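Engineer: Relevant sequence annotations retrieved from Swiss-Prot are reproduced here:
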- Asp92, Ser93, Gly94, Gly95, Phe96, Asp146, Gln190, Gly217: substrate binding site (BINDING)
- Asp92: active site, proton acceptor (ACT_SITE)
- 248-254: region 'RNA binding' (REGION)
- Asp267: active site, nucleophile (ACT_SITE)
- 272-276: region 'RNA binding' (REGION)
- Cys305, Cys307, Cys310, His337: Zn(2+) binding site (BINDING)
Amino acid sequence: MSRLQFQLQTTDGHARRGRLTFPRGTVETPAFMPVGTYGSVKGILPEQIRALGAEIILGNTFHLYLRPGLDVIGDHGGLHGFARWDGPILTDSGGFQVFSLAHRRKITEQGVTFSSPTDGARVFLGPEESMQIQKVLDSDIVMIFDECTPYPATEDVARRSMELSLRWAQRSRQAHDGLGNDAALFGIVQGGVHPDLRSRSLDGLQAIGFDGYAIGGLAVGEPEHERNAMLEHLHPRLPAERPRYLMGVGRPEDLVEGVARGVDMFDCVMPTRNARNGHYFTSFGTVRIRNAKYERDLDTIEPGCGCHACSSGYTRAYLRHLDRCNEMLAPMLGTLHNLWYYEKLMADMRAAIAAGTFVEFRRSFYAARGATTPPLPGESS
């Protein structure tokens with residue numbers, strides 16, 4: 001039996017308010033998971049992550065397996081002890097990185113052989129290996145090993161990729177159970193932007209049985225309208241009693257639109273990566289701190305924001321100065337702000353769903369940006 005319990009508390013339209021419960025803590029949903037690729041969220045401490053409002057983080061199986069390796073992490077009793085994070089952790093399977101980062105890869109029915117991006121050594125990774133790695137990491141949510149369908153892809157390519165992922169899903173389930181791992185195991189729906197393939201993928205995953213269902217292959221360059229169409233197609237077909245996770249997405253607008261279409265969980269490197277490039281998210285849009293207009297700007301990133309950077313009074317002019325001088329403090333403060341913004345956005349959406357005011361929240365979200373609220377299915381534009 002999985003260590004995860006999921007409670008769907010209420011809905012507002014298709015938006016869902018719920019709670020994930022683990023022995024290591026609870027996660028209120030909809031939730032955003034900061035990404036700790038190498039076992040840390042770049043530039044900030046674990047206790048700062050918690051103070052920002054994050055309740056779960058993501059670790060990267062592919063990178064942690066290659067460096068420092070399982071022996072070192074195993075010496076610490078798993079990723080929680082290694083990273084000094086005592087809350088829940090989700091680990092991806094390594095599949096996306098194999099297909100996006102690995103060099104000279106060869107895909108067979110058994111798995112993928114590739115050249116390590118760290119030292120060029122030949123490495124094999126398949127469903128059984130991924131499940132074994134994630135067992136050593138001792139994550140609370142384990143992702144199956146799958147092939148991330150590229151975009152664009154013909155329907156035939158997407159079909160063959162989806163069918164391979166389904167066979168790997170069955171092997172992932174068997175390997176996970178064979179290891180006696182009580183972590184939650186999530187299936188990943190693939191199929192590109194083809195509704196019938198998405199349906200077949202989900203049907204196959206449900207026949208195997210998983211603790212939650214992720215939607216993969218929708219952060220690979222497809223247009224926003226195609227991503228939303230796939231979410232709308234899947235919403236009534238996904239089991240209501242299981243959590244839903246949209247992988248690798250994305251912008252604040254993407255989170256709002258995902259929640260509006262029934263998504264419970266998100267992850268993305270955007271708030272941390274963009275902070276390191278001087279892009280700070282606010283309720284009125286993005287502050288690009290390298291712009292010359294901020295050279296003598298005495299405002300904080302977003303006046304009234306409760307993050308450490310804004311509440312301490314660091315000005316845009318100061319942050320621009322730090323960024324231009326390549327001072328470490330610039331991305332640290334920017335990361336604190338961006339993650340605060342993302343976690344506050346999720347908290348505000350949870351409150352709106354609970355109050356039955358998500359439609360009004362969504363309108364005010366776009367109005368603050370000077371944008372028109374895009375219509376949902378069934379609404380007039």
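Heads up, the Cβ atoms here are built off N, Cα and C, so glycines get one too.
Just so it is clear, the model here is predicted, and its values are computed rather than measured.
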Engineer: Spatially, and counting Cα to Cα, which of the binding-site residues is closest to Gly217 (substrate binding site)? Options: Cys305, Cys307, His337.
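Structural biologist: So, spelling it out, the nearest of the binding-site residues is His337.
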Engineer: Do any residues of this chain, six or more beyond the ends of the region 'RNA binding' (248-254), have a C-beta under 8 angstroms from a C-beta of it, and if so which?
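Structural biologist: Tertiary neighbours of the region 'RNA binding' (248-254) are 96, 218-219, 224, 227, 266-268, 270, 281, 341-342, 345, 365.
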Engineer: DSSP says what for the region 'RNA binding' (272-276): how many helix, strand, coil residues?
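Structural biologist: Computed counts for the region 'RNA binding' (272-276) are 5 helix, 0 strand, 0 coil.
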Engineer: For the recorded substrate site formed by Asp92, Ser93, Gly94, Gly95, Phe96, Asp146, Gln190, Gly217, name the remaining residues of the chain with Cβ within 8 Å of the site's Cβ center, in chain order.
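Structural biologist: Apart from the listed residues, the neighbours are Val98, Phe99, Met143, Ile144, Phe145, Glu147, Cys148, Ile188, Gly216, Met247.
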Engineer: For the recorded Zn(2+) site formed by Cys305, Cys307, Cys310, His337, name the remaining residues of the chain with Cβ within 8 Å of the site's Cβ center, in chain order.
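Structural biologist: Close Cβ neighbours, site residues excluded: Thr300, Ile301, Glu302, Gly306, His308, Ala309, Ser311, Leu336, Trp340, Tyr341.
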Engineer: Can you tell which of the binding-site residues Cys305, Cys307, Cys310, His337 lies nearest to Asp92 (substrate binding site) in space, using Cα positions?
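Structural biologist: Closest candidate to Asp92 (substrate binding site), judged by Cα separation, is His337.
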Engineer: Restricting to the chain of His337 (Zn(2+) binding site) and a gap of 6 or more, list residues whose Cβ falls under 8 Å of its Cβ, or answer none.
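Structural biologist: Looking at Cβ-Cβ distances below 8 Å from His337 (Zn(2+) binding site), excluding near sequence neighbours, one finds Ala275, Tyr280, Phe281, Ile301, Glu302, Cys305, Cys307, His308, Ala309, Cys310.
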Engineer: With Cβ-Cβ distance below 8 Å and at least 6 positions apart along the chain, what are the contacts of Asp267 (active site, nucleophile)? List them in sequence order.
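Structural biologist: Residues satisfying the criterion: Phe32, Met33, Pro34, Val35, Leu58, Leu90, Tyr245, Met247, Gly248.
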Engineer: Only counting partners 6 or more residues apart, tell me which same-chain residues put their Cβ under 8 Å from the Cβ of Ser93 (substrate binding site).
Structural biologist: Thr61, Ser130, Gln134, Val142, Met143, Ile144, Phe145, Asp146, Ser172, Ile188
Engineer: Mind looking up the mean pLDDT for the region 'RNA binding' (272-276) in the predicted model?
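Structural biologist: Mean per-residue confidence for the region 'RNA binding' (272-276): 98 out of 100.
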Engineer: State, in Å as a whole number, the widest CA to CA span among the substrate-binding residues Asp92, Ser93, Gly94, Gly95, Phe96, Asp146, Gln190, Gly217 given in the record.
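Structural biologist: About 15 Å separates the two most distant Cα atoms.
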Engineer: When you tally the Cβ atoms that lie within 10 Å of each candidate's Cβ, which of the binding-site residues (Gly94, Gly95, Gly217) has the highest tally?
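Structural biologist: By the 10 Å Cβ neighbour count, Gly217 comes out on top.
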Engineer: Kindly assign Asp267 (active site, nucleophile) to one of the three DSSP-derived states: helix, strand or coil.
Structural biologist: strand
